[in-house]
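> Below, the features straight out of TrEMBL:
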- 27-46: transmembrane segment (TRANSMEM)
- 66-85: transmembrane segment (TRANSMEM)
- 67-429: domain 'DUF4220' (DOMAIN)
- 97-116: transmembrane segment (TRANSMEM)
- 131-150: transmembrane segment (TRANSMEM)
- 157-174: transmembrane segment (TRANSMEM)
- 312-336: transmembrane segment (TRANSMEM)
- 348-369: transmembrane segment (TRANSMEM)
Amino acid sequence: MKQNQLVNSKHNINMTQENQPRNITQIRALVLVSLFCQVFLVSTGSRRKYITSIKFINSKLLAGCIWLAYQAADYFATLALGNLARSQSYSKYSVHDPSYVIISFWAAFLLMHLGGPDTITAYALADNELWLRHGLQLVGQVAVALYVIIKSWNDEFVNYMTIGILVAGVIKYGERTWVLYSASRDRYRESMVSPPNPGPAYAKFMEEYISREAEGYIVDVVDAIEKVSSSTFSQLDHGKINQIIPDAKILQEADYFFGTFKQLFADLILSVQDKEISLDFFTKLEWDNAFGIIEVELGLIYDLLYTKVSILYSPLACLRAISLLCTVTVSITFLIIPKDLYPDTDVIITYVLLSFAVCLEIYAIIILLSSDRTMIWLSRESTTSPFSGCLKDQILSAVYFTLPLLRYLLIIPSKKRWSNAMGQHNVLKLCLKDKPKFCILPYTNKYKLKINLWVEKYLFINTVSISNDLKALIFKELKRRATATTEQPNEQSGRYRSDIELLKEVGCFDMNEGEIEFEQSVLVWHIATDLCYRAEEDRTRKNESVEDKLKSKREMCQSLSDYMMYLLVMSPIMLPSGIGQIRFQDTCAEAAEFFEELKLRKIDACDNLRQVQIRVPPSKVKGDRSKSLLFEACGLADFLKEDGQKWDKIFEAWLDLLTFAAAKSRWNDHAEKLSQGGELLTHVWLLMAHFGMTDQFQIAQGYVRAKLDIS
């Protein structure tokens with residue numbers, strides 16, 4: 001009897017293949033490509049947080065590959081589901097064809113693929129706003145998968161196993177839709193808004209006021225300001241910390257402030273109580289602990305906006321356990337059941353799908369265990385029961401023994417929370433044609449500004465690590481400004497501009513034309529810093545001794561200068577609005593023309609540029625046609641060259657420009673950059689917020705309530 005069934009099945013397969021031999025091959029290919037996209041996204045998705053720490057071009061290439069895989073993953077999974085649905089209508093023998101039965105099993109896997117990996121639910125911030133589209137697609141794709149499964153139902157083991165994978169697929173796709181909805185702008189803002197507060201009962205207050213007045217009392221209304229209590233935060237200081245985790249204290253402190261400052265990413269204001277608690281705490285910190293807290297907070301924000309971490313730490317996480325149980329159960333069952341009726345190719349593909357489904361679920365658990373959110377939970381000593389504390393210690397021991405090995409084997413991402421790097425762009429290097437070795441494009445003067453300038457923006461970008469000395473100086477200066485007296489309110493708000501004061505003193509701008517704009521100051525200070533830096537290098541080559549402290553300050557000024565120019569050229573949206581791109585192009589054009597006329601070596605060219613005497617404001621000579629700022633910068637460099645304190649002044653000017661840009665920046669631009677390796681400007685912005693140097697603290701007083709003064 002079984003032999004007759006096998007003969008009939010093979011006969012049906014042959015009859016079906018005569019009708020549609022090509023469609024199954026397409027489905028196999030699409031399913032495997034969809035699986036490859038999932039594996040690639042899982043392995044690279046969380047690495048976006050620090051990809052700019054490698055060479056700039058390579059990081060952009062990796063980011064492009066992640067974007068392509070993110071887009072292709074949904075496309076190929078949807079296309080494969082469509083082909084599966086179409087395949088059911090090819091032949092009347094499809095119900096009896098074992099090949100159709102097993103490929104209909106793949107429809108449930110495609111739903112899991114559409115659910116996406118835990119490490120990247122949104123590529124960009126705008127993807128979160130598409131949650132409704134994904135919700136509609138969820139309904140549509142589940143309907144297509146059900147159609148495929150029902151159409152090929154034949155009461156076989158594989159048919160029943162499909163239900164388990166279908167449940168897992170619906171859970172994963174539903175998780176993705178819910179996470180996108182939770183991270184969307186409106187929903188995220190709603191979740192941050194505190195419950196409605198009607199305030200004191202005005203009617204009762206006036207009733208008592210009139211009653212007391214009628215009794216003959218002299219009634220007056222005074223303001224009663226509730227003082228800030230530090231008891232809320234003191235419990236964190238005195239809380240028990242699990243010493244097994246090296247940075248447990250920083251994790252707990254970051255978790256506390258994260259609950260408050262995540263409101264900045266919803267564009268909400270913070271109370272004066274929040275400001276005073278944060279300011280009081282951060283002024284007592286060292287720079288490394290302060291930046292460590294900022295790193296953890298931004299890492300938690302990244303997880304909230306771009307991954308599924310938020311749902312995995314909610315009651316909905318129980319659904320993930322169901323998904324894992326279904327996947328493992330189906331995998332074991334498929335190993336046991338007979339598979340002689342199915343084509344070997346389809347059986348192998350099914351094994352691959354099941355194996356990777358289980359591996360990806362296990363990988364997601366490992367990533368979850370290595371996340372900051374898990375470490376925050378483990379860093380707290382248990383106060384409920386000894387058993388709970390013992391269990392945490394066992395988990396910690398297992399995690400700390402396993403994670404370093406997995407990181408060494410590159411199986412899981414690095415422990416880094418961000419790139420800790422800043423982009424660098426130098427105008428004079430660009431104009432002197434100091435091209436990188438990998439530049440193979442011909443340089444033609446005719447199309448310089450129209451074509452090559454766009455290309456060169458990328459070819460002349462590199463990244464450098466942010467030094468600890470730079471972080472320490474930034475923290476020290478922000479701390480000084482935050483605790484300064486109220487004599488200079490602009491300095492406390494991050495809007496003080498010593499760079500403008502010095503430019504006015506130099507007199508290289510015609511002040512009758514109006515105030516000096518931000519991008520003007522950046523360009524002038526950038527070129528002036530570079531000229532001063534090259535002059536110092538010339539002295540060093542001539543064996544003139546330079547103090548290590550002065551050399552360190554000089555290097556920091558140069559790196560900050562190139563970083564601000566990088567932002568002006570590559571990320572102008574993060575800076576105050578202006579015509580920076582036009583000024584940049586005109587300045588490059590004038591510098592290239594100046595160097596081309598002299599045809600000198602690089603060192604000689606910069607020497608000649610420094611020797612140009614600026615006696616008439618260049619804007620009077622050029623008028624409004626050119627926005628170049630080359631010789632304004634030369635005037636500033638000439639003014640600074642003999643100043644023994646010039647590097648202190650230059651650093652202060654760049655710090656003012658950096659803090660001014662941070663104070664003017666918008667939260668959504670910073671949130672967008674978190675998925676691109678992060679920016680120093682973002683860390684400075686959040687650090688300034690912790691020091692109270694931001695517009696988000698708009699409440700001038702504490703909670704004020706009216707109080708009756710009866711005499």
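A Cβ is built for glycine as well, from the same backbone N, Cα and C atoms used for every other residue.
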> Please report, as numbers and ranges, the same-chain residues at least 6 past the borders of the transmembrane segment (312-336) whose CB is under 8 Å from any CB of it.
118, 157-158, 161, 164-165, 167-168, 171-172, 174-175, 178, 350-351, 354-355, 357-358, 361, 365, 368, 373
> Six or more residues out from either end of the transmembrane segment (157-174), which same-chain residues have a Cβ under 8 Å from its Cβ atoms?
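Distant contacts of the transmembrane segment (157-174): 101-102, 104-105, 107-112, 114-116, 138, 141-142, 145-146, 149, 319-320, 322-324, 326-327, 329-330, 333-334, 337, 342, 357.
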> Averaging the per-residue pLDDT over the domain 'DUF4220' (67-429), what integer do you get?
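Mean pLDDT, the domain 'DUF4220' (67-429): 83.
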